[in-house]
């Protein structure tokens, strides 16, 4: 699979461009603020239906316009496919796949898989559990699109339960309604935890091996899925029973706090290097290597599941990697269509034998390519 072309109209600072991409390596150079990340953002939106930078679609539309367009042409299984996204300040986002308008945003999942590594991804190993849960949820959705609808349903039920918890102190008769929301929360939450646990168990050996190769065996990466129910080695029925038991045990506490204290919305990943928590004790280089290992492992999991490599998007991170990490990453380019952005010319001797194309961006326009 590879992207053949991308067309942007009034998207961020792009007034109107169409770029034809190399099927292997593409390098976009330019100063900060010229539109390099915006280009990657458009491709990510074509993959997931949403931005990796904002939840507000209005921010994606050129300030002086009311509408924007993203069109991607890709080659998948020797067939040309198209993805079109229309953004409007006054209307919901519309998506067409192969010219056919889709009923739901989630219909876009699975058409174009893309893995992005940006400076924001360092939050996975620098900040709180939300970022690690978000990493899991985004990547599982790429492999199992149905997972997104389960997540959405869980978020809706969780919000309803929390609203009820806040009301009960003023109207105790409503306590009996908790049973309805508990049942749905347990059913959906159990599915989420099983999905996450399965994904992490597949991610662990691949990421460990990649990390070992990058660090030449000097570091050992360990990843553990931390669930509030400690579900390892539990079957589905046991998880359901434990979930129900702990929810009931925490019911009074939840009512007092007005929020749900147990469930996958409290999950985390424990990530260690040489038995030390990378978030607390890892160096900047170790944190970058950890995220790189996770992202490359994710690529392999998508390949196992779909039998095709996803697109790799590298947003201004290549220049931050040392020579060993660069060398390892370049060795992967021959198998994967890769799109890199950078302020500086990043061409290295390791890239000499790779088919590539370099583009220069200024103020939302492609000046020239070579």
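Backbone N, Cα and C atoms are what each Cβ position is placed from, and that goes for glycine too.
According to TrEMBL:
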type	residues	note
BINDING	30, 31, 32, 33, 34, 35, 36, 37	ATP binding site
DOMAIN	3-354	domain 'RecF/RecN/SMC N-terminal'
Those binding-site residues listed as 31, 34, and which of them has the most Cβ atoms within 10 Å of its own Cβ: 34
Around the Cβ of residue 37 (ATP binding site), other Cβ atoms found within 10 Å total 22
What other residues of the same chain, not counting 30, 31, 32, 33, 34, 35, 36, 37, have a CB atom within 8 A of the CB centroid of the ATP site? 38, 341, 343, 361
Where does residue 32 (ATP binding site) sit by DSSP, helix, strand or coil? coil
Comparing local Cβ density (other Cβ atoms within 10 Å) for the binding-site residues 30, 33, 35 points to 35
If you rank the binding-site residues 32, 36 by how many other Cβ atoms lie within 10 Å of their Cβ, the lowest count goes to 32
